[in-house]
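In what follows, a structure is listed as structure tokens, so that the remarks can point back to it.
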């Protein structure tokens, strides 16, 4: 392949198409997005924190192969690496990048779903990192998984997941989404809800370890364990969310104006996130995730919802006000003016009203 540039990311070096020669990353013959470096770094940390050695790791949509190569080089837990891409040019590049990093892998040139079905019951980790939606590959990912393991998926079709394209959202994810101030979290829970329902259909129970939003994508990593009876537990965390005049409610059946079906359970595991924070970068981001995961409410609040006289407290002030009122509150990574709280809307509103009234009386 012509017009390659040598790049470095994490602990590896690799060749990727030169975007300047192809008019951008989306026109290159093999896709590589440098904006996904954080995604790859966090996923590598997650594998390392997961802590089980000798893992069979499959990346069926490999592109340049950098994600899988980073897993092999940096995590210390990969026993066997399986890389695949439907593009012959990508496969050639994957082999080149494996060689310069001294990494062994099985490399395939197949349709991703065909390969996943061939790998039935043989993988510890399946990482779906497509251009667009992971939905077409989730069934195959579970079929490739052993009795237990990790399922990871990235979705860049965020506009679909947050309900901006209702028909496509219904077709692709089987959900109806209504716009809310916390639409980012709804989109993330929409993706998790879809994965949980597919998991149940394939007789797997899932436990999210890390889920987050980053600008142009959603990312989910979940532990999965096979067992039909346990798989039913997924539905204990599937529900609908209704938003009306600030009030948020969980509903266990669809009603007019509700969004769902969504995952309303935990978005991740604070313990594994704290482990990740101890061994790698993005510590501030990971701290926010760990704090968010400790609050069960499947939504967040935004400062403008509680503004009085055109003014609202700063985020730091808001969190302090709520904690002083006995309501546990933390920042959210999903909005710069957002916070999660374990209180109902009315309780949060009343805490702010008391704070504003007190502030006025001191003037």
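Note: Cβ is positioned from N, Cα and C throughout, glycine not excepted.
Annotation comment: Swiss-Prot describes 5-352 as domain 'Trm1 methyltransferase'.
Listed in sequence order, 60, 61, 84, 86, 137, 140 are the same-chain residues at least 6 apart in sequence whose CB falls under 8 Å from the CB of residue 112 (S-adenosyl-L-methionine binding site). Residues annotated as S-adenosyl-L-methionine binding site in Swiss-Prot: 40, 67, 85, 111, 112.
Classification of residue 40 (S-adenosyl-L-methionine binding site) by DSSP places it within a helix. Taken residue by residue with DSSP, residue 67 (S-adenosyl-L-methionine binding site) is part of a helix. Each residue in the domain 'Trm1 methyltransferase' (5-352) has a pLDDT score, and their mean in this model is 97.
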